[in-house]
Amino acid sequence: MDSNEESAELKKRQNLYIKQSTGLKMTKRDTEYQPLLEGITETKQKIKCPNTSLLLAICAACIGGTFQYGYNISIINSPTKSVQNFINQTWLERYEENISEQYLTLLWSSIVSIFTIGGFIGATIGGTLAIRFGRKGTLMMNNAFALLAALLMGLSYPTGLFELLIIGRFFTGVNAGIGICVQPLYLGEIAPRALRGAMAMGTSIFITGGILTGQVIGLNELLGKEEYWPILLSTTCIPAFLQLLILPWFPESPRYLLIDRGDDVGCGTAMKQLHGTDNFDREREDMERERISAMGIKPKKPWELFMDRSLRWQVLTIIVINAAQQLNGINAIYFYTDYVFEEAGIPEVNIPYVTVGTGACECLTALTCGMLIESLGRKVLIIGGYTLMAFWCICFTLTLTFQGAGPWIPYLSMGCVFAFILSFGMGPGGVTNILITELFTQTTRPAAYMIGGSVNWLSFFFIGMAFPFIVTKLQQYCFLVFLVVCVLVAVYIFLVVPETKNKTFLEIQIEFQSGEKRKASKADHSPRTTMLSTPL
């Protein structure tokens with residue numbers, strides 16, 4: 001079946017879905033799929049407490065997934081001077097002269113930035129691996145990169161090869177890139193519809209938890225001393241070992257088993273383990289309707305998503321929100337943190353402990369967002385988050401500009417730091433990955449994560465390269481640039497992105513693809529014309 005036939009087949013099923021939902025008259029051709037789509041207008045699910053097995057499966061997936069991403073971003077900051085001393089000492093032993101400052105800076109920058117290159121490569125292959133080996137299978141295989149990276153970085157000191165640090169950091173990036181692509185995919189597919197947002201928040205919670213853990217482990221009282229830096233960088237193997245021990249006890253994604261592999265028995269077994277027997281039938285019906293919608297359609301490649309006009313707004317949306325997640329100013333806030341704390345009179349030796357407070361703050365907001373997302377919805381949180389970030393950009397610019405106007409101004413700057421981080425964690429930091437899961441169906445979701453992940457890593461790399469020049473040229477006024485980014489993204493989401501809370505993946509897809517048909521059905525004043533805008 002070529003792409004045109006697939007598109008026609010999908011539209012045929014969607015037309016039936018719309019007609020059933022809106023009460024429009026069906027043709028004889030529509031009856032082909034009608035028996036398969038019975039029960040499409042089921043009532044709204046009640047939110048129940050998640051099954052213990054589901055919570056443990058989420059933890060098992062996250063500990064070797066996005067936790068690694070946050071952890072490896074964080075731990076590289078602590079041993080900066082120690083690693084630079086090691087490079088200088090190794091260079092002296094090899095060439096009997098000290099390394100130049102410019103070349104030392106280049107090598108250190110390579111060690112740090114190669115992580116983003118590895119992450120980009122991991123993101124580009126993550127979706128393909130998830131289709132071929134499954135979501136759980138890919139997460140299990142991905143630990144090989146983390147273990148190899150830990151081995152290489154641990155051997156760099158005894159062997160006197162600083163090049164192993166560059167290679168090791170590259171593999172940690174590949175591990176993080178695959179993890180941040182596949183793990184949210186797994187979480188979004190195993191969670192019940194009524195708890196999908198809260199469960200998918202595990203991605204954000206474990207990223208911030210990884211950042212916080214790395215900050216704590218890097219303190220001098222633990223592994224932050226100069227002689228411990230090889231051990232510190234090798235600790236990335238611990239989450240990998242934990243996932244290899246725990247994740248095998250939990251099943252593959254039921255959606256993947258049913259829709260991609262056609263394994264009815266395996267899907268049923270996985271559903272019972274993850275959801276118990278109470279919600280089993282309701283969740284199975286959702287999957288069955290999506291399976292019917294995807295019948296005969298192969299998983300799409302990223303370039304096929306770009307060529308599919310029916311998906312253009314979803315693709316544009318994930319590009320916008322993933323780019324904005326790196327370009328919204330959160331990196332600038334962390335850059336200014338030490339300066340603000342110094343101006344506030346905090347002793348230099350105590351600044352690492354206060355910085356841990358910023359990590360704890362972001363972790364707390366991720367947890368709070370997880371509790372609010374099913375009541376307030378995705379759209380309210382992400383628009384509210386970007387709006388507040390824009391406001392704090394203005395405040396932070398003013399406090400930095402008038403930093404010497406009074407002894408209390410630096411403390412206002414500290415307040416802006418924490419407020420900005422809180423706003424980020426409550427909005428874009430928590431909701432972005434959930435939206436990628438919900439805006440696509442089973443055949444397009446892996447490719448969407450590949451696109452979103454690639455944009456995220458490229459934006460990460462871009463801001464890392466361009467940010468020093470932006471700060472040098474604009475200084476504190478750089479936040480006016482981030483202000484514009486936050487405002488534009490908030491407006492875009494308000495105008496384009498529908499609320500996805502407690503809706504099936506098919507209904508969300510139709511929110512994008514069938515806007516004109518919904519308007520036409522509303523014009524008919526049918527008593528059921530509001531069905532598409534309410535949760536199934």
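Even glycines carry a Cβ here, placed using N, Cα and C.
TrEMBL annotations: computationally assigned, not manually curated.
The domain 'Major facilitator superfamily (MFS) profile' annotation in TrEMBL covers 58-501.
Here TrEMBL flags 54-71 (among others) as transmembrane segment.
Annotated transmembrane segment per TrEMBL: 106-131 (among others), in sequence order. Away from its own ends, the transmembrane segment (106-131) comes close to residues 69, 72-73, 76, 80, 83-84, 87, 99, 138, 141, 145, 162, 165-166, 169-182, 185, 256, 260, 299, 302, 446-450, 453-454, 456-458, 460-461, 464-465 of its chain (Cβ-Cβ under 8 Å, at least six residues beyond either end).
Residues or ranges marked as transmembrane segment in TrEMBL: 143-160 (among others). Nonlocal intrachain contacts for the transmembrane segment (143-160), taken as residues 6+ away from its ends with a CB within less than 8 angstroms of a stretch CB, comprise 64, 68, 86, 90, 93, 122, 167-172, 174-175, 178, 229-231, 233-237, 239-241, 243-244.
Sequence annotations record features per position, and here TrEMBL assigns transmembrane segment to 166-186 (among others).
Counting residues 6+ beyond its ends, the transmembrane segment (198-217) has Cβ neighbours under 8 Å at 50, 54, 58-59, 61-63, 65-75, 77-78, 180, 183-184, 187-188, 190-192, 223-224, 232, 235, 352, 355-356, 359-360, 362-363, 365-367, 369-371, 373-374, 425, 429-430, 433-434, 437 in the same chain. Residues or ranges marked as transmembrane segment by TrEMBL: 198-217 (among others).
The transmembrane segment annotation in TrEMBL covers 229-250 (among others). Only residues 6 or more beyond the boundaries of the transmembrane segment (229-250), in the same chain, are considered here, and those with a CB under 8 A from a CB of the stretch are 53, 56-57, 59-61, 63-65, 67-68, 71-72, 75-76, 78-79, 82-83, 86, 136, 139-140, 143, 146-147, 149-151, 153-154, 156-158, 165, 168, 172, 175, 217-218, 223, 273-274.
Sequence-distant contacts of the transmembrane segment (315-336) (same chain, six or more residues past either end, CB-CB distance under 8 Å): 305-306, 358, 382, 386, 389, 393, 396, 400, 417, 420-421, 424, 428-429, 432, 435-436, 439, 448, 451-453, 455-456, 459-460, 462-464, 467, 471, 478-479, 481-483, 485-486, 489, 492-493, 496-497. What TrEMBL lists as transmembrane segment is 315-336 (among others).
When Cβ-Cβ distances below 8 Å are used as the criterion, the transmembrane segment (351-373) is approached by residues 74, 78, 197-198, 201-202, 204-205, 207-209, 211-212, 215-216, 218-220, 224, 334, 337-338, 341-342, 381, 417-418, 421-422, 424-427, 429-431, 434, 501 of the same chain, each at least six residues removed from its ends. Summarising the annotation, TrEMBL assigns transmembrane segment to 351-373 (among others).
The transmembrane segment annotation in TrEMBL covers 380-402 (among others).
Taken from TrEMBL, the feature transmembrane segment covers 408-436 (among others).
Packing against the transmembrane segment (448-471) from elsewhere in the chain are residues 112-113, 116-117, 119-120, 122-128, 130, 177, 180-182, 184-185, 302, 305, 314-315, 318-319, 321-323, 325-327, 331-332, 335, 436, 439-440, 478, 481: each is 6 or more residues past its ends and has a CB under 8 Å from a CB in it. Residues or ranges marked as transmembrane segment in TrEMBL: 448-471 (among others).
The transmembrane segment annotation in TrEMBL covers 477-497 (among others).
Within the chain, the transmembrane segment (380-402) has long-range Cβ neighbours (under 8 A, six or more residues past its boundaries) at 321, 324, 328-329, 333, 336, 340, 369, 372-373, 409-410, 412-413, 416-417, 419-420, 423-424, 426-432, 435, 475-477, 479-480, 482-483, 486-487, 489-490, 493-494, 499. Using a Cβ-Cβ cut-off under 8 Å and counting only residues 6 or more beyond its ends in the same chain, the transmembrane segment (477-497) has close neighbours at 313, 316-317, 320-321, 324, 327-329, 332, 379, 382-383, 386-387, 389-390, 393-394, 396-397, 400, 428, 435, 439, 470-471.
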